[in-house]
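A.B. asks: One structure, as structure tokens, below. Some questions next.
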Amino acid sequence: SKLAALFEHPLYNIPVPEVTEKDKLFIVNPMEKFSLRSSGSDEWVSSSKAETLLPTGKTAYDTYPTWLKFHIGINRHELYPRRDPLLPTLLRDLATQRIVGSVQKSGGTQLKLIMTFPNYGQALFKPMKQTRDQETPIDFFYFSDFERHNAEIAAFHLDRILDFRRIPPVSGRLVNITKEIRDITTDKKLAKTFFISPAGNVCFYGECSYYCSTEHALCGKPDRLEGSMAALLPDKTLAKRRSWRSPWRRSYHKSKKAEWELNPNYCAQVRETPPYDRGHRLLDLIDMTILDFLMGNMDRHHYETFEKFGNDTFLLHLDNGRGFGTHSRDELSILAPLQQCCSIKKSTYLRLQLLATQPYRLSDVLREALATDPLAPVLAEPHLQALDRRLGKVLVAVGRCLAR
């Protein structure tokens, strides 16, 4: 296994800073136990009643469902640890747990659903909109592109292979539109958009600002639909997140260019602007840029951080559905922060060099990681080959910086 060998490499075993109490997202009461009523209902029993249902010898932590353990594990430095024993279980839960509720997620340009499981866990479901081998048409503006379910799955695994660990776990899943969405939804607006197509398939389209119409309906075969299931982050009422506008945001205009596209010395002014004027924020942004270039994602207008940790923390790499749309073209403008600032973390650079060598080739380790997903093959082969080509271009860009 190339993937196992990669994760054993010294570059993937660099110690993470010690996590103190103030570095944890949540401070948990070690006595509070989590249990569902043994009657089979979905109620959460209070700690006092839970005592009678628990086998002796279990700690309170052992009673927590996997999604809650994931939330408790988030800290200032990482979303989940490198050798996280929870990860396989969490991915399996996303792919197999019974769905007891489904409602449309508000906001956003395209249809997404929030799925609820019997143990209060929730996941964000992005349905399949195009096949693996369809490329985004060359004349499409990036902001009107489809969001792809398989891009969300591949982005999670790529982010982990790069050792960023800033994307919440994502699994593919086959959902039954009739039983797992239509029959259980309490969302009246969503319920009104279901219909049977002329081919006899169950379809729906929801309500949103793009692609929510009968012409862009999502249809099952006859009611089976592929999608990505992403573990939700803790509710914003429990763990506030701050949204930051990316300094290299595109103009989102059909003819206007952004300032960074016109000013070759743009990075100098970014370096003088908080929070990029100190700490590792700019380097973290360049990490995200490299991830986006490898995926071909041009749609990174904002990013988020957990408010509790202030400016000294990692960036959340959320919403990656517009990645992996093209394999035949490389969008070099995505690399502007790296090219203009000529800065990169040493650890990131060394890992990229490692992933360009035969024993750990990026396409091979990602192919291996994706083979375990329920919807494998997740990416068409040309997308995997494009990763190696793009990785070469990132290393060339760093080489030019070093030469300068």
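Placement of Cβ uses the backbone N, Cα and C atoms for every residue, glycine included.
The following feature annotations were taken from TrEMBL:
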- Asp299: active site (ACT_SITE)
- Gln110, Lys126, Glu147, Ala230, Ala231, Leu232, Leu233, Glu304, Asp319: ATP binding site (BINDING)
- Glu147, Asp319: Mn(2+) binding site (BINDING)
- 194-403: domain 'FAM20 C-terminal' (DOMAIN)
A.B. asks: Please report how many Å separate the Cα atom of Asp299 (active site) from that of Leu233 (ATP binding site), as a whole number.
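C.D. replies: Approximately 21 Å lies between the Cα of Asp299 (active site) and that of Leu233 (ATP binding site).
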A.B. asks: Return the maximum Cα to Cα distance in Å (whole number) over the record's ATP-binding residues: Gln110, Lys126, Glu147, Ala230, Ala231, Leu232, Leu233, Glu304, Asp319.
C.D. replies: 20
A.B. asks: By a simple count, how many Cβ atoms lie within 10 Å of the Cβ of Asp299 (active site), its own Cβ left out?
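C.D. replies: I get 19 for this one.
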A.B. asks: Long-range neighbours only, meaning 6 or more apart in sequence with Cβ under 8 Å: which ones does Gln110 (ATP binding site) have?
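C.D. replies: For Gln110 (ATP binding site), the qualifying residues are Lys129, Phe146, Glu147, Cys208, Tyr210, Tyr211, Cys212, Gly321.
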A.B. asks: In the structure shown, which of the binding-site residues Ala231, Leu233 has the fewest other Cβ atoms within 10 Å?
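C.D. replies: If we count Cβ atoms within 10 Å for the binding-site residues Ala231, Leu233, the smallest count is at Leu233.
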A.B. asks: What is the average pLDDT across the domain 'FAM20 C-terminal' (194-403)?
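C.D. replies: Averaged over the domain 'FAM20 C-terminal' (194-403), the predicted model reaches a pLDDT of 95.
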A.B. asks: Asp319 (ATP binding site) has how many other Cβ neighbours within 10 Å of its own Cβ?
C.D. replies: 23
